Amino acid sequence: MKREQLIQNIEKLKHVMPPYVLEYYQSKLTIPYSLNTLYEYLKEYERFFSWLVDSGVADVDKITDVSLSVLENLTKRDLESFILYLRERPRLNTHSTRYGVSQTTINRTLSALSSLYKYLTEEVENEDGEPYFYRNVMKKVQTKKKSETLASRAENIKGKLFLGDETQGFLDYIDSEYEKTLSNRARSSFFKNKERDLAIIALILASGIRLSEAVNVDLRDLNLNTMIVEVTRKGGKRDAVPFAPFAKTYFERYLEVRSQRYKTTAKDTAFFVTLYRDIASRIDPSSVEKLVAKYSQAFKVRVTPHKLRHTLATRLYAQTNSQVLVSNQLGHASTQVTDLYTHIINEEQKNALDSL
């Protein structure tokens, strides 16, 4: 979704929210939470407050009028009823005959509500310097995480990684072979963004940064001499992330055409841009997801930008055997999340030994 459309959608949701949700939104902007995160949270709040009104838990006609006292006095049983509603309601925007939303969606909803309750009960200050209320019912609600062993996750993911020579092979395919699969018209469109697309994919494969971090890179953030890219991590923390040397050529090729092809000016600070009606703007995450899917499907298997991040992490661990180093590269606070990469590499090593 383009930034302009995202802002419009956020404004529509803000228009129907209670005042304290707007305060929450404004507070999180200062951290800063990304607009994408806040948009997803606002959608969850709209769903929750709509249920409060429709179920009669809140005795009001519209969600704007749901008072703080409703949230303060909400019982654990009320929240459990809401969770059951999510599990049992007909699924929307799908042809599936299944009912209810996924556990992942429910966890996301509860995470958004926990963030709001934490703000209202701990972070915000009224005129007396106290929170709006103290009772946090969200602390009584447990979430169920998706159960899957590391072996299962590794098995599911390793076929979607471009390990070893496949990393460069993927880039070479886009650079030299992909155009041969296209019609004349499609080839012309491909050439318009070829250098930019290669630079985006190379950046993620060479650094392992998140999609949201990649699209928000500015020109000043990328240093080709030190081979460092500065990004804003989750929680608003700035980080200097090294990238592998193979990406440098793709950045240089893109920079050679960026100004003329995308008609950028000094005001266009975004590194990765797109051109619409002769106006340059920052590329949006959905556009990157689509281009990664398009090229990867033609090359080997359809993947997401996050799988490119997994690719870098797995390759880096294979070279270093250091979970700490991989965690730092990915911007993780602990090494627990890197256990997956060790499992993938251990399986690869076992397969290599079996073939001796």
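Glycine too: its Cβ is placed from the backbone N, Cα and C atoms.
Here the domain 'Core-binding (CB)' (16-121) is broken down by DSSP into helix, strand and coil counts: 72 helix, 2 strand, 32 coil. If you look up Swiss-Prot, you'll see 16-121 marked as domain 'Core-binding (CB)'.
Under the heading domain 'Tyr recombinase', Swiss-Prot lists 169-354, citing sequence analysis as support.
Cβ neighbour count for ARG210 (active site): 19 (other Cβ atoms within 10 Å of its Cβ, all protein chains included). ARG210 (active site) falls outside any helix or strand according to DSSP and counts as coil. Positions annotated as active site by Swiss-Prot, on the basis of similarity to another entry: ARG210 (among others).
Under the heading active site, Swiss-Prot lists LYS234 (among others), citing similarity to another entry as support. Take the CB of LYS234 (active site) and look out to 10 A: across all protein chains shown you find 14 other CB atoms.
On its own chain, HIS306 (active site) has ARG210, LEU211 as residues at least 6 apart in sequence with a Cβ closer than 8 Å to its own Cβ. According to Swiss-Prot, the active site annotation covers HIS306 (among others).
ARG309 (active site) counts 21 other C-beta atoms within 10 Å of its own C-beta, drawing on all protein chains shown. Among the features that Swiss-Prot reports, active site is placed at ARG309 (among others), with the record citing similarity to another entry.
Positions annotated as active site by Swiss-Prot, on the basis of similarity to another entry: HIS332 (among others). Contacts of HIS332 (active site) defined by a Cβ separation under 8 A and a same-chain sequence distance of 6+ are given as THR338, in order along the sequence.
The secondary structure of TYR341 (active site, O-(3'-phospho-DNA)-tyrosine intermediate), as reduced to three states from DSSP, is helical. Under the heading active site, O-(3'-phospho-DNA)-tyrosine intermediate, Swiss-Prot lists TYR341.
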Cα of LYS234 (active site) to Cα of ARG309 (active site), in Å and rounded, measures 15
Including all protein chains shown, what's the count of other C-beta atoms within 10 A of the C-beta of TYR341 (active site, O-(3'-phospho-DNA)-tyrosine intermediate)? 25
